[in-house]
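A.B. asks: Please read through the structure below; I'll follow up with questions.
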C-alpha cells in the first residue's frame, strides 16, 4: 500500500482533476467513442485500483465525506434489523408450504451456515477496504472493473426487488393487524397482466417515507432502527414462546413426516430462504460512517448473522409446531396461523409486530442500496450525479432519492412470487464472487504468488462444485457425489500445502483457517444456485445481458474518459500517481 504521507498532495490534486473532468459529451463524440469500444474494453475491463486509491482518490469524487457517527452496537442493530423482518415473514410460509415442510428450520440452518461463511469473507474485505461500496469495491480492487460492476449491478437489483417485495408484504401484515383482508388495501386494475394488476399504495407510501428519512441523517435513521429492532426481538420472543406453548410436536411429523418433500426439498428451501440473510451485506456498506471500522465491522457483520440464524430457526420451528405445514398460509403466514388456533388477538399482535420488523428491514436495506449506487457512481459506471454526498446531511442524497423512486415503482405493481427467485440467484452469485476474490487477494495480491496456481485452483474448485451440485440435482449414481466431494477436499489441501499465504502485518482481522472457509462458501453458494428453477436462470440471463449491454454502451466509455483525464493531469503534476495503478495479473 502507498504511504499515508502522500495523501495531502494526493487529495488536492485529485480534487482539481475531478473538477476538470468533462461531464457533457456530444452525440458525435459518443458515436466516435463507440467505434473505439474494443480498445476501451481491453483497457478497462481488468483495470483495478489499490485499496489506498479506493479509500482516498475515488472516495473524494463524492465531494463531502459521509459522517462517521456509527459504533459497533449500531452495526449489530443494523444487521439484525436488516435481516429479521425480511425473510421470516416473506419466505418462511411459502417455503414450508411448497418446498421444505416442517423441516424449513433445517433450511434456515443450511442457509445460515452459508451466510456465516460469506460474512467472514465480507468482513476481511471490509476491514481492509472500509468504503461504502461493499462487494462492488472488493471485487473491483481484486478482479477488475467489469466483475465489480457486474456484481454491483446484481446486488443493486437484488436490493431494489427485495425491498419492493418486502414493502408489499408490509401491507399484508398491516391489514392483519387491523383485522382486514390482505388485499383490501390494494387496488385491482382490470386490463393489466396477472401478477402486476394489484396496485399497492401503502407500500409506495412506506418506501417514500423511509426515503425522506434516509435523506435527512444516517445516525438518526440508525437510532430509529435500534429502537424498532429492540421491540422486534421482543416480538420474536413472543412468537417463539407462544408457538411452543400453544403448538403440538405432532405437527412436525403429521402429515408426511419431518421432510415431506425429501432432502432435496430441504436444500431447495435453503436456496429460497437465503433471501432472508441479505441484510448483513448492508452493514459492510456503512464502513465510511463507522468511528472504528477495523474493530466494529467484524463484530457487526459476524455477530448479527449468528444472532439472526438462531432466531430464524426458532421462529420457523415455532410456526411448524403451531399448525401443520399444509395449513400454513403463503402470505401472512404467522398471523393466519394464530387465527387458526383461535388466538385472534395474537394474530393482530403478530401483524403489528411483523409490520414494525419489515419497516426496520426496509430502512437498513435502503441505507445499503444507496451506498452501493453512490460508490458505483464514483467509479463513473453510472451517471456521476448519483455519487454526490450532500454536505449538510452527509448522505448520498441523489442515490437515495433515485433508488427510492425505483423501489416504489416496482412495489406498486409487482407480486412477491414473480421476483423472489431472481433475488436468490443474484445474491448467491455475488457472495460466490466475493469468496473467490478473497482467495485470490490473499494468495496472489498479498502473498505475491504467481496467479496461475490460484486461478487454476479456483477453476477446478468451481468445476467440481458444479459437478457435485448437478449430480445431486439430477440424482445421478450415488458414487459420483463422493468422487466430486473428495476431489474438492484433495485439491484444497494440496493448494494449501503448495501455495504459501503471507498474512499482512498491519491487518487487525482476517479469516482464520484459510482457504477452507472461503472454499466452503464457494461450494455452498454453487450448490444452492443449482437448486433454483430454470425460470430463475432465464430471468437472470435477461438481466445479465441488459447490464452487460449498459456497460458496453455507457460504462466503459464513461470510465475511460474519466480515468484518461485523471492520468493525463496526474502525469503532468505528479508522475508517480500513474505508477500506483494496479493491473490484475492474468495468465
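Indices start at 1 and increase along the chain as displayed.
Note: Cβ is positioned from N, Cα and C throughout, glycine not excepted.
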A.B. asks: Transmembrane segment per TrEMBL: which of the ranges 389-409, 452-472 is that?
C.D. replies: 452-472
A.B. asks: Any idea which of 188-210, 418-440 is down as transmembrane segment in TrEMBL?
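C.D. replies: The range carrying the transmembrane segment annotation in TrEMBL is 418-440.
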A.B. asks: Please find, within the list 478-499, 566-587, the residue stretch that TrEMBL describes as transmembrane segment.
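C.D. replies: In TrEMBL, the transmembrane segment feature sits at 478-499.
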A.B. asks: Counting Cβ pairs under 8 Å that are 6 or more apart in sequence, does the total for the transmembrane segment (137-157) and the transmembrane segment (301-325) reach three or more?
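C.D. replies: They are not in contact.
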A.B. asks: Report, as numbers and ranges, which residues of the same chain sit near the transmembrane segment (75-97): CB under 8 Å and 6 or more residues beyond its ends.
C.D. replies: 104, 107, 162, 165-166, 169, 173, 222, 225-226, 228-230, 232-233, 236, 269, 272-273, 275-280, 282-283, 286, 290, 296-297, 299-301, 303-305, 307-308, 311-312, 315-316, 319-320, 325-326, 328-334, 354, 356-365, 367-368, 416-417, 420
A.B. asks: Restricting to the same chain and to residues at least six past its boundaries, which positions have a Cβ under 8 Å from a Cβ of the transmembrane segment (223-245)?
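C.D. replies: For the transmembrane segment (223-245), the far contacts come to 73-74, 77-78, 80-81, 84-85, 213, 311, 314-315, 317-319, 321-322, 334, 338, 343, 346, 349-350, 353-354, 356-357, 359-360, 363-364.
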A.B. asks: For the transmembrane segment (511-534) and the transmembrane segment (257-280), does the number of C-beta pairs under 8 Å, pairs 6 or more apart in sequence, reach 3 or more?
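C.D. replies: The answer is yes, given that the two segments have at least 3 Cβ pairs within the 8 Å cut-off.
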A.B. asks: What residues in the same chain, six or more past the boundaries of the transmembrane segment (103-125), come closer than 8 Å to it by Cβ-Cβ distance?
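C.D. replies: For the transmembrane segment (103-125), the nonlocal Cβ contacts are 92, 95-96, 134-135, 137-138, 258-259, 265-267, 269-274, 276-277, 280-281, 284, 297-298, 301-302, 305-306, 308-309, 312-314, 316-317, 319-320, 325, 431, 434-435, 437-438, 441, 507, 509-511, 517-518, 520-521, 524-525, 528.
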A.B. asks: Report, as numbers and ranges, every residue of the chain located at least six residues beyond the transmembrane segment (301-325) whose Cβ falls under 8 Å of a Cβ in that stretch; write 'none' if there are none.
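C.D. replies: 75-76, 78-80, 82-84, 87-88, 92-93, 96-97, 101-102, 104-105, 107-109, 112, 115-116, 119-120, 122-123, 126, 233, 236, 239-240, 242-244, 246-249, 251-252, 254-256, 260, 273, 276-277, 279-280, 283-284, 333-334, 337-338, 340-341.
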